[in-house]
There are 2 protein chains.
Amino acid sequence: MTIRYPNGQKFTPVPLRDKREQPRDHVTFSNRGMTLEEDINATNAYYLNCGMAVIHKKPVPVQIVRVDYPARSAAVIKEAYFRQASTTDYNGVYKGKYIDFEAKETKIASSFPLKNFHDHQINHMKQVESHGGIAFVIIRFSQTDELYFLPFQALYTFWCRMMNGGRKSITKDELTACSIFLPLGLSPRIPYLDAVESMYF
Amino acid sequence: MTIRYPNGQKFTPVPLRDKREQPRDHVTFSNRGMTLEEDINATNAYYLNCGMAVIHKKPVPVQIVRVDYPARSAAVIKEAYFRQASTTDYNGVYKGKYIDFEAKETKIASSFPLKNFHDHQINHMKQVESHGGIAFVIIRFSQTDELYFLPFQALYTFWCRMMNGGRKSITKDELTACSIFLPLGLSPRIPYLDAVESMYF
């Protein structure tokens, strides 16, 4: 498609990356729909500013291969690769307790695919809980913009079902039955500490 | 300097970056002497494997500017910059409690310069403590390979002294008086949870 401006100039937009190029079985895109991450970051900033909790997103893990040190200016990373995270994305402290969670989003309307999680993330959350920390996931259904707070214990039940040959996803009905609905707000945008408070304190 | 091999070939080594190029007042190099970081990572791996605690180093924060997506291979980060961390490097959970710390090393023998810390790191640790978390720093004197566990409260006292116009460092005597000496070991290499245990539990 070429746009012709009134002054006669032409403008051909660069096509956006076609989402259909993604492998079909890869239905959720952690960190690609930035909205969920941005909403959680804004929520964490709100909680921090209100003195309610200290919870931060961890930086994206990157394997740095080559760095240039130009004279008189900042070091430039010239070659690096994304690494798979060995833990979850968010952690911090609320009322003295260790908080640890992951946020995931799906475009599917009727279920949440468990392939959104990696073994080591599940293991990490299991270890966190075994040490008395609070682990959970925030799940967003992007079609309807519905958010759910799923405690790790419930997630782990579904994970074990899959590992024992059962279904590879959590149906929406199952999810609503064992999670807390998170109403979207303004301040904070995603009031997940309300769910933490009602479930663990 | 050129090395002449027995076979007659020459080898001229590339000079290492001259440490003297660093500004003179920049006496400690966080993350440059990798030994302390490696020792702490090994310690955290030990604690994790023994089921004692879940404590990880956060990834280095990087501002990614340009990423190439070569066909059929992994995305390559082609331009990125180091960002200043807004929190500390290590956090996790021990006996249900939130643990948060920073590790610093100095080449000075008789004192520890406070410029090793940034405002926002101090603020972060203060917030952590105000929410019931446990914050501290591990300080290594690289000349003597001595390690000290300094609780945040003590660090903060020295920080405030500096902010009120007092000295910009902690003398070694002051440090030894209000910290716990960490004997280097094998498993774990830096037994900092012993200090946490004796001071907070």
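Including glycine, each Cβ sits where the backbone N, Cα and C put it.
As annotated by TrEMBL, region 'Disordered' applies to B:1-22.
According to TrEMBL, the feature Mg(2+) binding site maps to B:THR87, B:ASP89, B:GLU102, B:GLN121. Spatially close to B:GLU102 (Mg(2+) binding site) yet at least six residues away along the chain are B:THR88, B:ASP89, B:TYR90, B:PHE117, B:GLN121, B:MET125, B:VAL137, B:ILE138, judged by Cβ distances under 8 angstroms.
What TrEMBL records for B:LYS104 is site 'Transition state stabilizer'. In the three-state DSSP assignment, the secondary structure recorded for B:LYS104 (site 'Transition state stabilizer') is strand.
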**Request:** Go through the recorded positions B:THR87, B:ASP89, B:GLU102, B:LYS104, B:GLN121 one by one and keep only those whose Cβ is less than 8 Å from a Cβ of chain A; report them in sequence order, or 'none'.
**Result:** B:THR87
**Asked** Whole-number Å distance between the CA of B:LYS104 (site 'Transition state stabilizer') and the CA of B:THR87 (Mg(2+) binding site)?
**Response** 14
**Complete:** B:LYS104 (site 'Transition state stabilizer') has its Cβ surrounded, within 10 angstroms, by a count of other Cβ atoms equal to 21
**Prompt:** Near B:THR87 (Mg(2+) binding site), how many other Cβ atoms are within 10 Å of its Cβ?
**Reply:** 22
**Request:** For B:ASP89 (Mg(2+) binding site), just count the other CB atoms lying within 10 A of its CB, please.
**Result:** 20
